[in-house]
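A.B. asks: This structure is in structure tokens; I'll ask about it shortly.
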């Protein structure tokens, strides 16, 4: 279980518009996400988002046919997601009322058209306040004239983000100096790269004295791993058009705060990230004038007095899924199909049924986990080989073993502990990474017949997952093991199958200019939140770290408490209503916990939520009950 830390220096909650673009392959899909600033919730806020595009390439044929299919860009319908303010005083409403409300935002001619119901694709009620709609460019331009339509963001302009990691690949297009002015005089750091300008990567230094003592050679802050380049571009990479990962997730890549500056502190050398080097990097970052620090480094939980990196301003981040998958499907000889994931989807590999074997059928764990050499003496040539995730063997390394042994494709099965959390990796051969439950069904099929068959079907980039965001299996869910009274992580962020910059070409990459990769980890979640903190810092530099973590509402607002009690615990909140009458006002309330007669387990969880007409502010409650109190009964 892992968590990543984002160290956040003074900043403020406010507007943060541009978060992330993750574009899909075949459809050219893009996902822009926005946050509504509290100060603007009184405006009928409208944010319009480009979702998909059609190919601009015309079908070749006769002049008459070409004339029929030609449509001007202005009249072509495209899919958009529109974010709007919630109906005043209501968190949700009836579906028909909601559709009518959403239709009111469309241009008058479009809303009155006979096909308006077909134009309105979805009315969202719970995940966001908004809708999906099909519009042409003229209609989009018309919507831009409505009050509250979002037009621009400062994208973190002027803020300095410090990234402590494995260094950076400075010449990557995600770190281009183009149109980046020099930093202000507050920047006191230096850049150890021998380049003429450092207007985006304004700082780059190595801190490896502790690593050198262990035999590591002195190195410049150049990234020879990929991890640091990936995380830095998530936090503050600039817009880069026409990118993909082995042909998938095509589109424009951009970090959370593309106009922010980057200061790179290389403190990790190979697997070693000594505390003394990390502290030296932190010390230098503060002296250099860094505003927000992003540290995608994990370690075992330990008491706070023994943790050299622990600090009250740390925001600890868990990892969640996103609503995009890079899908491959394992199709069995009996017709069953199981959806999985893989980035590597070659055009020249047909979805043909091939012999399927389970490498663990001999009962040896080394074979099931694909330890190097475990397939020696096993004929897998031309076959689909099923392997299990885990065993200390990297997922891609398992595929390399299958490929080196003559296997044609691989089905990778989760262990029970990883459940349904599948990942899109740049495998070296056609692969489908499936869930534990689906893996058991595939094994049952193999055992049920003497001629088991399987094909790997490539389905490319798929947008839409009703269960996203959800906490992934490799992320910690908390609480803090060393100090259970401190609930960690503080927040979750996108950390599964994230596309971002990479310092070198991937295997099977035929486009040497497209150095982007899809990887997963809490390390990817952390810079997403660091980027959000950067946007807030740019808009509201006077706010403290605590203000970032709080939910800030409006003045002249009232909140009522709603309590979901942990099992076996009574909760009393006084007062149960809060009334705010001025800006920056603070009100104190008390929460009392007492044991009731209900039997329960050692741990119980609930939450209390303060609800206003516009906001819900939720605090998680975790209770630890001793053996004595778990079984207590009252007369």
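Every residue gets a Cβ built from N, Cα and C, even glycine.
Straight from TrEMBL, here's the annotation block:
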- 79-148: domain 'Inhibitor I9' (DOMAIN)
- 156-549: domain 'Peptidase S8/S53' (DOMAIN)
- 165: active site, charge relay system (ACT_SITE)
- 227: active site, charge relay system (ACT_SITE)
- 355-442: domain 'PA' (DOMAIN)
- 523: active site, charge relay system (ACT_SITE)
- 553-622: domain 'Subtilisin-like protease fibronectin type-III' (DOMAIN)
A.B. asks: Using C-alpha atoms only, work out the spacing between residue 523 (active site, charge relay system) and residue 227 (active site, charge relay system) and round it to an integer in Å.
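C.D. replies: Their Cα atoms are separated by 8 Å.
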A.B. asks: Please report how many Å separate the Cα atom of residue 165 (active site, charge relay system) from that of residue 227 (active site, charge relay system), as a whole number.
C.D. replies: 7
A.B. asks: Does residue 227 (active site, charge relay system) have same-chain partners at least 6 apart in sequence with Cβ under 8 Å from its own Cβ, and which are they?
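C.D. replies: The answer is 165, 166, 268, 296, 523.
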A.B. asks: Could you tell me which of these active-site residues, 165, 523, has the greatest number of Cβ atoms within 10 Å of its own Cβ?
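C.D. replies: Result for the most crowded candidate: 165.
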